[in-house]
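The disulfide bond annotation in Swiss-Prot covers Cys60-Cys81, Cys104-Cys141, Cys183-Cys205, Cys237-Cys264, Cys277-Cys318. What Swiss-Prot records for Asn204 is N-linked glycosylation site. Annotation comment: Swiss-Prot describes 1-24 as signal peptide.
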Amino acid sequence: MSPNFKLQCHFILILLTALRGESRYLEVQEAAVYDPLLLFSANLKRDLAEEQPYRRALRCLDMLSLPGQFTFTADRPQLHCAAFFIGEPEEFITIHYDLVSIDCQGGDFLKVFDGWILKGEKFPSSQDHPLPTMKRYTDFCESGLTRRSIRSSQNVAMVFFRVHEPGNGFTITIKTDPNLFPCNVISQTPSGRFTLVVPYQHQNCSFSIIYPVAIKISDLTLGHLHGLQLKKPAAGCGGTGDFVELLGGTGLDPSKMMPLADLCYPFLGPAQMKISCDNAVVRMVSSGKHINRVTFEYRQLEPFELETSTGNSIPEYCLSSL
């Protein structure tokens with residue numbers, strides 16, 4: 001794993017509304033604004049010790065990017081806690097309950113969410129994830145140890161928990177498994193190269209980069225039909241079933257971002273765009289009739305580029321919120 005996994009601090013705020021629900025499920029509230037509980041450290045990568053497996057205590061607000069065994073023990077009532085987990089793009093994350101000692105009847109809870117929720121927004125979005133939002137939660141207080149292991153649908157997952165009684169808590173083991181066709185991804189790094197392949201599947205896939213970046217698309221293959229590529233549509237991509245769009249915004253949910261460009265015909269690049277937003281997304285929409293593929297490189301914009309963005313970048317929309 002790369003040692004320089006960093007996220008914009010204001011993107012890692014856990015809203016009180018995501019943790020203070022009275023129901024058994026956590027509701028995503030889009031409009032409310034709350035003060036953050038805490039900012040995560042800018043340097044989130046943990047050094048992997050030579051001993052295996054890696055073990056350490058889990059904090060009330062935490063982020064981890066490597067497998068291991070993690071134990072949370074309350075030293076006082078901890079009512080608004082969340083742990084974020086992220087793997088490599090080509091990995092699933094499995095969360096296994098080793099030991100759980102919480103008081104469900106007394107208001108404690110321990111819930112796994114398939115994806116991330118930040119500032120009331122979800123990744124993957126409801127449009128991109130195969131399950132409805134409520135099905136993406138696994139509540140220990142409902143299932144108990146009958147379901148000891150929960151595997152994510154992508155390279156990110158998170159745990160919400162509340163523990164009232166000091167001394168209570170839980171131990172979980174985080175493992176990763178290979179994902180041959182990663183669909184929805186949050187990048188651990190501000191620069192890299194990736195090929196997104198969707199083979200004959202009717203689904204939407206988003207690759208999220210939580211930095212202002214320059215994206216260069218070097219290869220795009222869409223709509224192979226009997227060995228021939230579909231012709232370029234007369235106008236726009238709205239009428240096609242297979243296309244790639246570039247999105248930008250200040251939140252995490254791709255469905256709430258601004259479309260900056262769309263591509264719906266094959267080409268051999270390069271095509272480049274600077275996206276000055278806090279979050280940039282390469283999103284592929286597939287009809288399921290073809291094998292679609294897009295290869296792209298991305299790098300974080302330098303400060304001087306943010307100040308002097310011109311040409312085919314989109315500074316007006318994004319920089320106003322920085």
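A Cβ is built for glycine as well, from the same backbone N, Cα and C atoms used for every other residue.
Feature annotations (Swiss-Prot) mapped to structure.
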{"residue": "Cys60", "record": "disulfide bond", "contacts (Cβ under 8 Å, 6+ apart)": "Phe72, Gln78, His80, Cys81"}
{"residue": "Cys104", "record": "disulfide bond", "contacts (Cβ under 8 Å, 6+ apart)": "Phe140, Cys141"}
{"residue": "Cys183", "record": "disulfide bond", "contacts (Cβ under 8 Å, 6+ apart)": "Pro124, Asp128, Ser153, Gln154, Leu196, Val198, Gln203, Cys205"}
{"residue": "Asn204", "record": "N-linked glycosylation site", "contacts (Cβ under 8 Å, 6+ apart)": "Gln127, Asp128, Arg283, Met284, Val285, Ser286"}
{"residue": "Cys237", "record": "disulfide bond", "contacts (Cβ under 8 Å, 6+ apart)": "Phe243, Glu245, Asp262, Leu263, Cys264"}
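Each of the disulfide-bonded residues Cys141, Cys205, Cys277 was scored by the number of other CB atoms within 10 A of its CB, and the lowest score belongs to Cys141. There are 21 other CB atoms within 10 A of the CB of Cys264 (disulfide bond), with all protein chains counted. Using a 10 Å Cβ-Cβ cutoff, Cys81 (disulfide bond) registers 21 neighbours.
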